[in-house]
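According to TrEMBL, the features are:
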COMPBIAS  40-53  compositional bias 'Basic and acidic residues'
COMPBIAS  239-253  compositional bias 'Basic and acidic residues'
COMPBIAS  305-315  compositional bias 'Low complexity'
REGION    35-57  region 'Disordered'
REGION    148-176  region 'Disordered'
REGION    227-253  region 'Disordered'
REGION    305-330  region 'Disordered'
REGION    431-451  region 'Disordered'
Amino acid sequence: RHRCCHRPTKFYDDGVHLSQKTEYLENYPGYGNVCPPESCKPKPESQEDRGRMDGTTTFKSDYLPYEILTRPFRPQAEYRPKSGKIDLGTIYQRDYSPHKVAPVTLARPRERKHTSDAKVDTIPTYRDDYRLWKGERTESCKVERVYKPPSERFGNPSTFQDDYLPQQPNPPQSCKPCDTKLPEGPFDANTIHRTAYVAHEMEPMFVRPREEYKPSDQPFQDLTTHQRDFKGMPGEQAKSCKPESRKVGSDDPFKGITEFQDRYQPYLVAAPEFHKPTEYVPPTDKMDLKSSNRVDYISHKIAPRAPIKPAPGRKSSAPFQGKTTTKEHYQPWSTCRQGLTKKAEEIQKPTGKISGLTTFRSHYIPHQPNPPQSFKPVHAVATGVPFKGETLYRTEYTPKKPEVCPGLNPDAMGYVYVNTDSQGHKFYHQVSPERSESNCNPITEEVPAVS
């Protein structure tokens, strides 16, 4: 039952030092001169510079180029239709036996309309029971204060004016390329496509002849599998869950005037005039389809315009002129340093001391506060009677004897020191006065204690 203040995180090792060998190395016997395998893990050493890296790889050195042959073109075979007729019969048509199907009886009941000849009372309960109340307008609690602008001029500087530091602008670096020299000699316009391209003759494209439509001799079957196989099974009519309609009210006829009859005023409405369309009379003269363009246009024989595209294979032996108007007339200009874009301060900084009086301090009117009424109850018990401070814990508590740690005085309490572990805990054996039947040696029990 001893509780030590130390909280060990290891198992008790009884002061024995742990070995770095594993159970496999201790129990495994060696066989002859066979050495254990060496570790393949590289040693953490810094590699020195071994010179410049060679750009040739194993793929470049071992690769052998092969001669690429063109894939032979397989001509498309001519389509030849097969002779004979196609058997359109299926297993379903061969094995299916038709049955006579009776017409389906509808299970839905007929619609019944419940109507009544009584008139509806159109006066709602809200209009019958509502009474108008005269509402009084509440007065505004807002205190009207006339705004008076300050007579003095505002002269406080902003944080931007105090903390701003002008900086010198750095002009960007010019990205204009340097003047390059033009290559000498004529321009070679030959490309790999022009030199290596081989023209091939195009074979005529195979066109499949169009077949003529031949209608079928068999009659068209417009019955579906549902219409052919469905059998309407007669069943009982479903019972309605609707409750029986009972007449609410009396049988006396309605005597009174409705709101529509009371407020409706008939108006005289004239019948709408019917607009009779005029009969269409077709023209008797023949339509002249000649336009001014057809009558006045004079056709001219004009030769087709020659193409502007140069003929293929035409080369010029003159040197290439790379001068442009921009290169001849452009001159670099000397850039001047740009001035500051900060505007001059229009408002001068004040020299005097700022007054700390605010509008709240100047217009505030102090009022005398009224303390709230205390709701604390009056002392009902006389102060002369002594207070009884007894509780159940004080009356029923039984003090227990505190346990003493055996590490404070082990000899006086009957303990013998054994050893100390790596965490600093000392272990003792208790020598009990009990004796066994076989011998008279004392029985010992190991107990930890505080170091």
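Glycine too: its Cβ is placed from the backbone N, Cα and C atoms.
Per-class residue totals from DSSP over the region 'Disordered' (227-253), listed helix then strand then coil: 3 helix, 0 strand, 24 coil.
Below 8 angstroms of C-beta separation, residues 335, 338, 340, 342, 345, 347-350, 354 of the same chain, each at least six residues beyond the ends of the region 'Disordered' (148-176), sit close to that stretch. According to DSSP, the region 'Disordered' (305-330) comprises 5 helix, 0 strand, 21 coil.
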